[in-house]
Amino acid sequence: MCATYVLLFLILGTFADDVKDVERKKPLFQAPKIPPDAYLVLFFEKPSDLKTKLVTSLAKKDGADEAIAKYDGQWAVEIEETAALDNDYSLILKSKAKHHAIATKLSRPIRFDQNELVVQYEVKFANGIDCGGAYLKLISDSPHLDLNNFNDKTPYTIMFGPDKCGLDHKFHFIIRYKNPKTGEIEEKHAKKVTSDIDRYFSDKRTHLYTLVLRSDNTFERYIDQLKVQSGSLLKDMEPPINPPVEIDDPNDKRPDDWDERETIVDSSAKKPDDWDEDAPEYITDETAIKPEGWLDDEPEMVPDPDVEKPKDW
């Protein structure tokens, strides 16, 4: 798997929790302690963190009309109005129906040489969502990467998170994997989760999305710490990283002179010289012995105790 260098957020919601009573005194937000082995712990303490901690893309999206091609959606670091904590700043989208992309560097490239990798973040669709993605990408490490110009075509290693358009609700987990035989990069998609995830897009609450990758090639996905899927990276992705041993040959066809008969007469077969045409097909088994307790005089048939004679018999 390719090493990863930066974290890309696409159309993320806010990170604040709802509270029913906004008038009560709120607990004060406290910056989390950052583990020494963490690749990234992103939180906000003031509006200027938008420029000091993140890079907003200035690129254009290929194949889109000029009017909507730019990643010109506006971002802000603000305190969301229903934040559960005092002074709890969130990354908020300010523009409707526009492309958004924002990124930051990790502390170091991910080499996937540890026992476990955990990726998690919070999303809140404060006003619901009709069509848009709130997924993040781990961008593939490259000396030529320019965060000011990254876009949907920028190579990534992992894509993860919620996405919706119309009635189609998705929870992405995609790996871009280099085929060791052909050298081509292929997208491997996790199978669709079977649990109902529609409410996470419409309840206007904060939800925690978590991906766990392990060195034994297994993965797990969680929403609000509830497991919604687990599987094997080798077997449960579509298409699988390890292809089947055999596949159907679409070009295979029967020859024009194919004989449909399953068996044919063996013209070379002949009876042995001592073959006896008059010998019986079955003979007595001289070694057969009756079981102990065998009743020689027991009748073969007995009356049926459940049978009743009809009244009009």
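Each residue's number is its place along the chain shown, starting with 1.
Cβ coordinates come from backbone N, Cα and C, glycine included.
TrEMBL has this to say about the protein:
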COMPBIAS  250-273  compositional bias 'Basic and acidic residues'
COMPBIAS  274-284  compositional bias 'Acidic residues'
COMPBIAS  294-305  compositional bias 'Acidic residues'
DISULFID  CYS131-CYS165  disulfide bond
REGION    234-313  region 'Disordered'
SIGNAL    1-16  signal peptide
**Q.** Tally of DSSP helical, extended and coil residues in the compositional bias 'Acidic residues' (294-305)
**A.** 0 helix, 0 strand, 12 coil
Q: Count the Cβ atoms, other than its own, that fall within 10 Å of the Cβ of CYS165 (disulfide bond), considering every protein chain shown.
A: 12
Q: Sort the residues of the compositional bias 'Basic and acidic residues' (250-273) into helix, strand and coil with DSSP and give the three counts.
A: 0 helix, 0 strand, 24 coil
